[in-house]
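J.: Copied straight from TrEMBL:
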- Arg126, Gln221: substrate binding site (BINDING)
- Glu145, Asn147, Glu370: Mg(2+) binding site (BINDING)
- Glu145, Lys307, 366-375, Tyr377, 400-403, Glu427, Arg452, Lys454, Asp460: ATP binding site (BINDING)
- 205-304: domain 'Glutathione synthase substrate-binding' (DOMAIN)
Amino acid sequence: MAQGIPDEVMMNAALIRELADVAKDAALVHGILMRIQETPNSSELVTYAPFTLFPTPVPRSLFLQALAVQTHYNTLVDRVCQDVDFLQDALASTIAVDDFTARLFRIHQQVLKEGRSQSVTLGLNRSDYMLDQGEDGTPSLKQIEINTFAASFGGLSSRTPDVHRHVLKAAGRLEESQRVLDNNPAAGLARAIATAWELYGSDRAVVMFLVEETQRNIFDQRYIEYELWKRNIHTIRRRFDDVYKTGSLDQDKRLFVDGKEVAVVYFRNGYMPQNYTSEQTWEARLMMERSLAAKCPDISTHLAGTKKVQQVLARPGVLERFFPGQPEVVEQVRATFAGLYTLDMGAEGDKTVEMALASPDRFVLKPQREGGGNNIYGSEICQVLEGVKHSSERTAYILMDKIRPAPVQNYLLRRDAPLRISNCLSELGVFGVYVRKGESMVMNECVGHLLRTKSSEHEDGGVAAGVAVLDNPLLV
Ligand SMILES: Nc1ncnc2c1ncn2[C@@H]1O[C@H](COP(=O)(O)OP(=O)(O)OP(=O)(O)O)[C@@H](O)[C@H]1O
Ligand SMILES: [Mg+2]
């Protein structure tokens, strides 16, 4: 492994078994936790969140590139969500065939018609990348996507560096242990939420985490809650159903839930169609959108994070619209784009279909969904495209170049899984936060990172989806 963990450690079976035990205990001690089952109110059934035994080598220059571009991505998302015409044009073909996006768009239009009441915009996002191994073997940073909704693992990834340092010390690798970076996205995410809360301007008001009925990954959220409590900001956790039953807007559109005024709604649920179990869920979402509370994300920021918008942003000339007179910023952002292709009806979309059918292994076909497990790979791309290629249904998807990182060997530690060496692929996420009040950007920062690693036999991957595991970059 290039400047990573040497083979004498990687291949020493007895040492690996011992280190795995050391690592799992360290993870529990440091609070890298998940619930075992989807139990509503029980913290009794807890295990460590899955993670790698060793941190993964990442070239320093590419890591720094990802951090450096993050504030530009924050600005980009913020400008896209304020550009009503752009959003409408970009999403027009998708809305015509994708019911979920269409429904979100209707809320967006309704809020615009009434006039946005919220003056504070809060963005907490995570831009994800893989290191594409070019033909000559040189890696380059390529964005998978930017998540503007419920970007997770900022909490747990604030605790994993200590675990990897400890494992490396126990393995006798002191020098490597000193190369594991500090990381604290939880503090940065909370700082942005706190800033939005302050700008809202009421000491009595609370921050509401809008959460699922049951939540395995609850501890990840708790870390952010605790950071807010440290600042004496009161947080509550509520579901869509609670908001529907006990929520209301007063004449100034202040949001009250259970009698408490809400300054900030932080959505950790509501990004996929299955989260909207009834008309009442949609009504609750609309009520929150119409309110004076800062929403993370608000409906336009939600739409700005769709895969269709990502594809349109990669078209020639589009970044220039958002960064006028800043060619160096355009260049910096564009350098991280992988190839993205439209499936809109017309000659360009026809060409995309042809290209994908001719070599499906070079691409990923993506619908407008979040949460993992929705993307389409390999021969299944042909099956799907053959079915929709002559109809506008194809515009529900975009096509993307498949990014091919170089595999690295590691051990994935997961409860109930055998301990064995795997060929692994990693994905680097960078957390960005911004707060805008009216026209003025009050905060725009990069607040930390997340490395996730999966066995190369999986195409898709997410930690919550049970494929990827938490990791740390070891800069080389
Ligand atoms: N262009 C690509 N090349 C290679 N792998 C990809 C590509 N796009 C996505 N993947 C893999 O699929 C996973 C999910 O992709 P993506 O982030 O687009 O979907 P998602 O449903 O929005 O996931 P998430 O819930 O993590 O945001 C990625 O974490 C990555 O492992
Ligand atoms: Mg996503």
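Using N, Cα and C of the backbone, Cβ positions are placed for all residues, glycine too.
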J.: I'd like to know which of the binding-site residues listed (Arg126, Asn147, Glu370, Tyr377, Lys402) lie near ligand 2, counting only a CB under 6 Å away.
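T.: Checked binding-site residues vs ligand 2; flagged Asn147, Glu370.
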J.: Between Tyr377 (ATP binding site) and Glu370 (Mg(2+) binding site), how far is it from one CA atom to the other, in Å?
T.: 16
J.: Measuring Cβ to any atom of ligand 1 with a strict under-6 Å cutoff, which of the binding-site residues Pro367, Tyr377, Lys402, Arg452 qualify?
T.: Lys402
J.: Provide the three-state secondary structure of Gln221 (substrate binding site) computed with DSSP.
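T.: Looking at the DSSP assignment, Gln221 (substrate binding site) belongs to a helix.
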J.: How big is the gap, in Å, between the Cα of Arg452 (ATP binding site) and that of Gln221 (substrate binding site), rounded to a whole number?
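T.: For Arg452 (ATP binding site) versus Gln221 (substrate binding site), the Cα atoms are 18 Å apart.
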J.: Tell me the Cβ neighbour count for Tyr377 (ATP binding site), meaning other Cβ atoms within 10 Å of its Cβ, over all protein chains shown.
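T.: The answer is 14.
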J.: Calculate the per-residue pLDDT averaged over the domain 'Glutathione synthase substrate-binding' (205-304) and state the result as an integer.
T.: 97
J.: Determine, for the Mg(2+) site, the additional residues of the same chain whose CB lies within 8 Å of the mean position of the CB atoms of Glu145, Asn147, Glu370; present them in sequence order.
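T.: Neighbours found: Arg126, Asp128, Ile146, Thr148, Phe149, Ala151, Gly305, Lys307.
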J.: Sort out the sequence-distant neighbours of Asn147 (Mg(2+) binding site) for me: same chain, 6+ apart, CB within less than 8 Å of its CB, listed by position.
T.: Asn125, Arg126, Ser127, Asp128, Gly305, Glu370
J.: What three-state class does DSSP give Arg452 (ATP binding site)?
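T.: Going by the DSSP assignment, Arg452 (ATP binding site) falls within a strand, counted as strand.
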J.: Taking the Cβ of Glu145 (Mg(2+) binding site) as the reference point, list residues of the same chain whose Cβ is under 8 angstroms away and which are at least six residues distant in sequence.
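T.: Sequence-distant Cβ neighbours: Ser127, Asp128, Gly305, Lys307, Gln310.
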J.: Quick one: Cα separation, Gly373 (ATP binding site) versus Gln221 (substrate binding site), in Å?
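T.: Gln221 (substrate binding site) has its Cα 22 Å from the Cα of Gly373 (ATP binding site).
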J.: Quick check for the class: what is the C-alpha distance, in angstrom and rounded, between Gln221 (substrate binding site) and Pro367 (ATP binding site)?
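T.: The Cα atom of Gln221 (substrate binding site) is 27 Å away from the Cα atom of Pro367 (ATP binding site).
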J.: From the DSSP assignment alone, can you count helix, strand and coil residues within the domain 'Glutathione synthase substrate-binding' (205-304)?
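T.: So the domain 'Glutathione synthase substrate-binding' (205-304) is made up of 41 helix, 26 strand, 33 coil.
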J.: Look up Arg126 (substrate binding site) in the DSSP assignment and report helix, strand or coil.
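T.: Assignment for Arg126 (substrate binding site) reads strand.
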J.: Could you work out which of the binding-site residues (Arg126, Lys402, Arg452) has its C-beta surrounded by the smallest number of other C-beta atoms within 10 A?
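T.: The binding-site residues Arg126, Lys402, Arg452 were compared, and Lys402 has the fewest Cβ atoms within 10 Å.
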